[in-house]
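A.B. asks: Below are the features I grabbed from TrEMBL:
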- B:LEU20, B:ASN27, B:LYS156: xanthine binding site (BINDING)
- B:ALA128, B:ASN129, B:GLY130, B:GLN131, B:ALA132: 5-phospho-alpha-D-ribose 1-diphosphate binding site (BINDING)
- B:49-162: domain 'Phosphoribosyltransferase' (DOMAIN)
Number of protein chains: 2
Amino acid sequence: MKRLEERIDAEGRVLGEDILKVDSFLNHQVDPELMQAMGDEFAHYFADMGITKVLTVESSGIAPALMASLSLGVPMVFARKHKSLTLTDNLYTATVYSFTKQTENTISISKSFLSADDKVLIIDDFLANGQAVNGLLDICEAAGAAVGGVGVVIEKRFQRGHQFIVDRHIPLLALASIASFDNGHVVFSHEKEQINVQ
Amino acid sequence: MKRLEERIDAEGRVLGEDILKVDSFLNHQVDPELMQAMGDEFAHYFADMGITKVLTVESSGIAPALMASLSLGVPMVFARKHKSLTLTDNLYTATVYSFTKQTENTISISKSFLSADDKVLIIDDFLANGQAVNGLLDICEAAGAAVGGVGVVIEKRFQRGHQFIVDRHIPLLALASIASFDNGHVVFSHEKEQINVQ
């Protein structure tokens, strides 16, 4: 998505080896109009998949997921993050490890809001090692829900998450795909995967 | 907002003395179309206030704040919650106590995204004791930003937050105002405050 790439070029800051900070428009301050355009882009790409629900994880996934769900005309559900959970009777849960924060969280979704009748679009702000997506896939499997696709605002294609999803033959749309960081600059990838949206 | 009250009547569950669970459309599963209608309602009410930024706290505030910011055509910023913070050089911070969870959090906003040039609309999902709003007011004061108003999806008018805001002469719009819980049922208030939006 050209407009997003331009915004990343203008405002993104590369920190260290593999961190891209885009908190001026994506995950601290949010540009609602760009967010809506990105939601429309996700909805357009996955329009014919029979999506019944958009799933994400709090907090940074909520804004793009909400806009995608608005454009698709289906509900959005955001998984809650917890340090630990004692009562899990009415919850689907999965464990998610964060490499950047080096912490392990349990994510959960109420059993009331996901079922075997659902076909899910998973949305997140970043795809790096794929831990959050993996956790949501585990939850979908436990619920018997089908997964129609994964949409991320920005993927770091050189990290594990991209290949992890491709290997599972899940349609993946990254609105901006980063091939590498070169001396503090972002190098975008425009390679497409050969996954047919069915 | 009649549509919201009907939804609360149909799907809300009253737990114990003062908890209303509305996780089927507001803060776990989210109805994007209702959320958009609520965002428009906030934007309409505060349209002439010269709002430059919508402020909220992660996570449940993000969806209504995003829709209000989209409708107003201004950026949205969500404060981050932390158990504790060591590095606060570039952050405005405030302490927020949660009565329901009995935990204390630090909330923070980057100094890059709030300044004395801003006029802020604070949005949240619930107004109970007003702790989150109070934290955001502290942050606005530290930044020298003006506060144009507070908008909440649901207020529990019988708790401290409502009066706290009224006493500060800050325009307040609650899309649903709960006067009391009566044997597990919600009793709405339709009393208006005499605060003129300037």
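Placement of Cβ uses the backbone N, Cα and C atoms for every residue, glycine included.
Describe each of these features in terms of where it is and what it packs against.
C.D. replies: In the three-state DSSP assignment, the secondary structure recorded for B:ASN27 (xanthine binding site) is coil.
Counted within 10 Å of its Cβ, the other Cβ atoms near B:ALA132 (5-phospho-alpha-D-ribose 1-diphosphate binding site) come to 28, all protein chains included. DSSP classifies B:ALA132 (5-phospho-alpha-D-ribose 1-diphosphate binding site) as helix under the three-state reduction.
Summed and averaged per residue, pLDDT over the domain 'Phosphoribosyltransferase' (B:49-162) gives 95.
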A.B. asks: Could you tell me which of these binding-site residues, B:ASN27, B:ASN129, B:GLN131, has the fewest other Cβ atoms within 10 Å of its Cβ?
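C.D. replies: With the binding-site residues B:ASN27, B:ASN129, B:GLN131, fewest surrounding Cβ atoms within 10 Å: B:ASN129.
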A.B. asks: Find the one among the binding-site residues B:ALA128, B:ASN129, B:GLY130, B:GLN131, B:ALA132 whose C-alpha lies closest to that of B:LEU20 (xanthine binding site).
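C.D. replies: Result for B:LEU20 (xanthine binding site): the nearest of the binding-site residues is B:ALA128.
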A.B. asks: Of these binding-site residues, B:LEU20, B:ALA128, which scores lowest on Cβ atoms within 10 Å?
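C.D. replies: Sparsest of the binding-site residues B:LEU20, B:ALA128 by Cβ contacts within 10 Å: B:LEU20.
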A.B. asks: So of B:GLY130, B:LYS156, which of the binding-site residues has the fewest other Cβ atoms within 10 Å around its own Cβ?
C.D. replies: B:GLY130
A.B. asks: I'd like to confirm something. Which of the binding-site residues, B:ASN129, B:GLN131, B:ALA132, has a Cα closest to the Cα of B:ASN27 (xanthine binding site)?
C.D. replies: B:ALA132
A.B. asks: Per DSSP, to which secondary structure element type does B:LEU20 (xanthine binding site) belong, with helix, strand and coil as the options?
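C.D. replies: B:LEU20 (xanthine binding site) sits in a strand per DSSP.
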A.B. asks: What's the CA-CA gap between B:ALA128 (5-phospho-alpha-D-ribose 1-diphosphate binding site) and B:LYS156 (xanthine binding site) in angstrom, rounded?
C.D. replies: 5
